[in-house]
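K.L.:
One structure follows; several queries about it will come next.
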Amino acid sequence: MAPCTTSGSLFKTTLSKTASAWRLERSRLGPPWKRGVRPMGTQHDSVHAKARRAMQKGWPLIASGTAAVGLVVLAYKDTTDPRRLQTSLANTSQGNAGSKDRLAMALRPADGSSTTDLHEALDQLALQHVDKLPVEEACLLQAPHVPPPITRDHAVLLKVALTTQPKLAQVTNRFKYEQWTFNGSVPGPLIRARVGDVVELTLTNLDSTGNPHNIDSHAFTGPGGGAALTTADEGQTKTARFRLLFPGLYLYHCAAAPVPAHIANGMYGLMYVQPADAAALPPVDREYYVMQSEIYHEPPEPLDDGSGRLSSTVEFSYPNGMREDASAVVFNGSEAALTRDHPLKAHTGETVRIFFGNAGPNLTSSFHVIGSHFRRAFRDGDVLSPPARCVSTISVPPGGASIFDLTMLVPGTYTLVDHAIFRIDKGAIGFLNVAGAPRPDVYSSSEPPAPCAGCKLHA
């Protein structure tokens with residue numbers, strides 16, 4: 001049965017097929033994710049009894065049916081989080097007709113109705129004509145710095161200006177490497193916006209090597225995430241507008257061919273789309289921006305001076321990337337970005353928020369802060385669902401992002417790692433230095449700390 005797209009209309013009809021008979025009840029049709037599919041049990045009547053009980057509890061039944069292929073489809077109007085598809089009416093006991101759709105609440109304008117559903121919220125956003133929105137320039141900062149939280153309660157036309165250019169950077173303790181950058185840094189700046197904003201993205205290609213570049217943002221809704229609209233050849237500037245419909249933390253990256261090379265060479269960053277409800281994420285004392293990525297390079301070549309010495313500059317290796325054989329795994333573009341000369345900083349009693357993304361392009365990160373716990377972990381950049389609590393290690397796939405809140409209780413040095421732990425020897429290590437008075441009630445010993453010789457992790 002093809003999804004019906006007449007959302008908001010009332011209908012009553014009957015469809016019959018050789019293999020199945022569908023009974024459609026008069027109701028409002030919900031969006032596609034609000035149709036639950038479950039295996040057909042041997043007691044068909046009990047399934048329909050569940051449907052009747054669901055209707056009595058306030059879930060209007062849209063469609064039910066039995067099919068020879070062995071499925072029972074139950075479509076009903078559910079007001080819980082649309083991403084949490086409930087595959088059985090038996091699992092819907094926590095929902096009720098009075099609960100609010102978190103996504104609709106996050107989308108609706110400040111003056112919108114509290115009962116607004118998802119489609120109505122999207123319609124209200126569309127009515128906010130772009131040319132009538134106030135204009136605001138985006139605050140763009142280099143990692144690990146994060147633009148301040150947005151306090152306004154309305155949408156704006158947010159102007160974001162990005163440039164692309166290569167630069168030679170010291171990416172490991174041994175080697176330099178030509179990175180491809182947004183605004184001269186790896187990662188590119190974290191772009192902070194609010195749901196409902198229209199991003200006016202201007203991309204200027206300053207790459208003198210002749211490479212085209214563009215932006216594919218996972219926050220944008222439309223084919224290619226904006227890539228085809230923003231592809232700029234050398235010397236060109238492209239501008240396009242994108243309304244931000246869904247809150248969350250999203251990756252953006254260059255998607256010019258070959259896409260893996262552009263990402264592996266440094267063309268990536270994060271975009272954080274705040275929910276309309278600023279309280280969705282509690283305020284914190286400090287915010288930082290950290291991204292993990294891999295570098296794939298060829299072995300160093302001999303210098304041309306006949307000395308037999310090897311060059312300190314290495315070049316990108318596409319074959320190594322194909323084999324997923326990373327030469328380095330780093331935070332914020334280089335092995336030294338967050339090490340002892342450039343640590344993150346905090347004080348005891350403070351809560352630190354880390355906007356973390358994994359650019360990949362190949363490896364999943366098992367992100368962990370040694371000696372601490374994530375008080376709140378917003379997995380997959382999801383800021384609408386309740387966060388995970390008191391966890392220590394979270395997997396973040398290539399192209400994914402998560403938000404981690406840590407409350408610092410004990411002073412000292414905390415170590416950021418990918419707990420695929422051999423990667424510390426490839427550069428995946430960073431430090432968070434916490435100042436403050438000792439807490440012997442939490443952490444103490446009669447002997448002073450004595451890290452093992454050659455230890456990279458502990459201080």
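Just so you know, glycine gets a Cβ as well, placed from its N, Cα and C.
Quick caveat, the model's predicted, so the values are computed rather than measured.
Dumping what TrEMBL says about this protein:
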BINDING   HIS213, HIS218, HIS253, CYS254, HIS262, MET267, HIS419  Cu cation binding site
DOMAIN    174-276  domain 'Plastocyanin-like'
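On this model, are these features tucked inside or out on the surface, and what's nearby?
P.N.:
Residues within less than 8 Å, Cβ to Cβ, of HIS253 (Cu cation binding site) and separated from it by at least 6 positions along the same chain comprise ILE215, ASP216, VAL259, HIS262, ILE263, MET267, TYR268, GLY269, ALA359. HIS253 (Cu cation binding site) carries a strand DSSP state (E or B).
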K.L.:
DSSP on the domain 'Plastocyanin-like' (174-276): how many residues come out helix, how many strand, how many coil?
P.N.:
14 helix, 45 strand, 44 coil
K.L.:
Given the binding-site residues HIS213, HIS262, HIS419, which one is most crowded in terms of C-beta atoms within 10 angstroms?
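P.N.:
Output for this query is HIS213.
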K.L.:
Could you tally the C-beta atoms, other than its own, that fall within 10 angstroms of the C-beta of HIS218 (Cu cation binding site)?
P.N.:
20
K.L.:
Under a criterion of Cβ-Cβ distance under 8 Å and sequence separation of at least 6, what residues of the same chain contact CYS254 (Cu cation binding site)?
P.N.:
THR164, TRP180, PHE182, HIS213, ASN214, ILE215, ASP216, HIS262, ILE263, MET267, TYR268
K.L.:
Return the count of C-beta atoms lying within 10 angstroms of the C-beta of MET267 (Cu cation binding site), excluding that atom itself.
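P.N.:
A 10 Å sphere around the Cβ of MET267 (Cu cation binding site) contains 28 other Cβ atoms.
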